[in-house]
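In what follows, a structure is listed as structure tokens, so that the remarks can point back to it.
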Amino acid sequence: MHPRFQTAFAQLADNLQSALEPILADKYFPALLTGEQVSSLKSATGLDEDALAFALLPLAAACARTPLSNFNVGAIARGVSGTWYFGANMEFIGATMQQTVHAEQSAISHAWLSGEKALAAITVNYTPCGHCRQFMNELNSGLDLRIHLPGREAHALRDYLPDAFGPKDLEIKTLLMDEQDHGYALTGDALSQAAIAAANRSHMPYSKSPSGVALECKDGRIFSGSYAENAAFNPTLPPLQGALILLNLKGYDYPDIQRAVLAEKADAPLIQWDATSATLKALGCHSIDRVLLA
């Protein structure tokens, strides 16, 4: 079991501990539960889906990286496939506050970058901030997304974001988590190709500036993140954050990164290079390359 889970695990009910123990035994537990695993946990504990998601939130929050606030938020995104994806907030010392990742963004990106097609619900241990409510409004599940909070009745996103402004107001038809492929040729080594593939999946209907980041760890594992724009612009999630979300949730740490590649267009209206390289250097990675999409 990864050490970060030990404290939260010890506080779970005995029957949930017993059912989870073989799942969490792997140090690199992927911070997700398949539909089959969810069903097994429900049977072992007698909990329904909502109660089980609430019970698992401490494990999701244990994935938080909060050296600035020490305020850990956990989220679980429930995919229409039946898979549940953990998420947690992340802060980066030495970077800017704008690079911060919120727990809801983490769980949603985890699902999206894992190939999930849409979300049915998201469970969070604290009320989503306005930033996250706007981020969620970019999803193809839209205002129908169900939000579950401890001690409250579940409500749709529309109840948390009345009179919402979103992609439909800008006549955007392709939404976040819809399948997208921008068709750039995969060239270069494996890490470069992973970055280009991530750029091909970008959701960037507002700037037309595709980008992707791939991080290579010392053991050869590669984590890729795609750019995810938002109709309100500021809640946009950069591609580096997508890759860092996966790296963190899969049990790796920043010192494990040995090389990074950013893929983007040289003449794009928005450029990720400066922010990406600055944040990576703050995390201790200095081997950073850029490949140009063509």
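The backbone N, Cα and C atoms fix where each Cβ goes, and this holds for glycine too.
Note that the structure is predicted; figures quoted are calculated from it, not measured.
Among His102, His110, His155, the residue that Swiss-Prot places alongside Cys129, Cys132 at the Zn(2+) binding site is His102. The Zn(2+) site is set by His102, Cys129, Cys132; from the centre of their CB atoms, other residues of the chain with a CB within 8 Å are Ala103, Glu104, Gln105, Pro128, Gly130, His131, Arg133, Phe135. For the domain 'CMP/dCMP-type deaminase 1' (48-168), the model's pLDDT averages out at 98.
Residues in the domain 'CMP/dCMP-type deaminase 1' (48-168) partition by DSSP class (helix H, G, I; strand E, B; coil) as 43 helix, 26 strand, 52 coil.
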